[in-house]
Amino acid sequence: MTTCRVTSLTIFAKQRGRAGPPTVLFEDTSSGAPAMRTPGYNMAGPANEMQGDPAGNNLFTDPMANAAMMYGSSLANTGKDMVNKEFSRFVSVNKLKYFFAVDTRYVLKKLMILLFPYTHQDWEVRYHRDTPLTPRQDVNAPDLYIPTMAFITYILLTGMALGIQQRFSPEVLGLCASTALVWIIIEVLVMLLSLYLLTVHSDLSTFDLIAYSGYKYVGMIFTVLCGLLFGSDGYYVALAWSSCALMFFIVRSLKMKILPSISHDTMGTGPSNKPQFRLYITVATAVFQPIIIYWLTSHLVR
């Protein structure tokens, strides 16, 4: 019996030695050693299958998706055309581009004329085939670039002046900006109404009037800067200089637009043929500029 048991144990030990290392049912994660991989399990299989899934690419080849994209694009283009059409009914884009056709040379010369108009001799606006030359070609042509930039600079300078005086707030700055804008609108409307009621025919368009009205912001910037740097004395000296320069500029510029115009609608008995009415409009427009300059700048200097 003892011999049989020894033989059985020997056979069992040989079988265990041939079977190799035991199979690990649970991985030991208590140590920093790398985990053992169990043969027969591929953990990267589902990820590879997800990366190779062509479902995302089918979105761009789907006929319904393409049709929806084309419809959305056509709808956006239609809306853009409608906006441009409605905008063109009130504002001529080509005419608006004319007033922004400027360059650095023109801007510098125009600023010098606005501040020192007494040295300028030729005030006549030049034409080419009955079409006025662009501002970059003629320094006497009105533009909207300088008034627009001057208006923005005036608003920024107003904010700085209010901040220096510890009176800055968004509401006050918005009120100053809206007041300056309303004054230009009122001035242009009064000018158009005066020309209409007095039946004065001229080459002045609405954009021309906006340009000439907006040139006052250059003098306003100069006045406020002198007031901030040199106090109230510097403010009043700059106000007097900029007011006289602007009035001289307005009279000489509008003189070439209003005074030489002759109405051919009447036979000489109507008020449109009386030169004094054109002169009154020109002088009134020039005299009104210093009043607006003082009204919009006096509260910024203490």
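Counting begins at 1 with the first residue displayed.
Just so you know, glycine gets a Cβ as well, placed from its N, Cα and C.
The transmembrane segment annotation in TrEMBL covers 144-166 (among others). Remote same-chain partners of the transmembrane segment (144-166), defined as residues 6 or more beyond its termini with a Cβ less than 8 Å from a stretch Cβ, comprise 96, 99-100, 102, 107, 110-111, 114, 135, 172-173, 176-177, 180-181, 207, 210-211, 213-215, 217-218, 220-221, 224-225, 228, 296, 300-302.
For 172-197 (among others), the entry in TrEMBL reads transmembrane segment.
The transmembrane segment feature in TrEMBL is assigned to 209-230 (among others). Counting only same-chain residues 6+ beyond the ends of the transmembrane segment (209-230), those with a CB under 8 A from a CB of the stretch are 99, 111, 114-115, 142-144, 146-148, 150-151, 153-154, 157-158, 160-161, 164, 180, 184, 187-188, 191-192, 237-239, 241-243, 245-246, 249-250, 253-254, 285, 289, 292-293, 296-297, 300-301.
What TrEMBL lists as transmembrane segment is 236-254 (among others).
As annotated by TrEMBL, transmembrane segment applies to 277-296 (among others). Same-chain residues lying 6 or more positions outside the transmembrane segment (277-296) and placing a CB less than 8 Å from one of its CB atoms are 154, 176, 179-180, 183, 187, 191, 194-195, 198, 200, 212, 216, 219-220, 223, 239, 242-243, 246-248, 250-251, 254-255, 258-259, 261, 271.
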Contact set of the transmembrane segment (236-254) with the rest of its chain, CB cutoff 8 A exclusive, min separation 6+ beyond the ends, reads 113-118, 120, 123, 140, 142, 204, 212, 215-216, 218-220, 222-223, 225-227, 230, 281-283, 285-287, 289-290, 293-294, 297
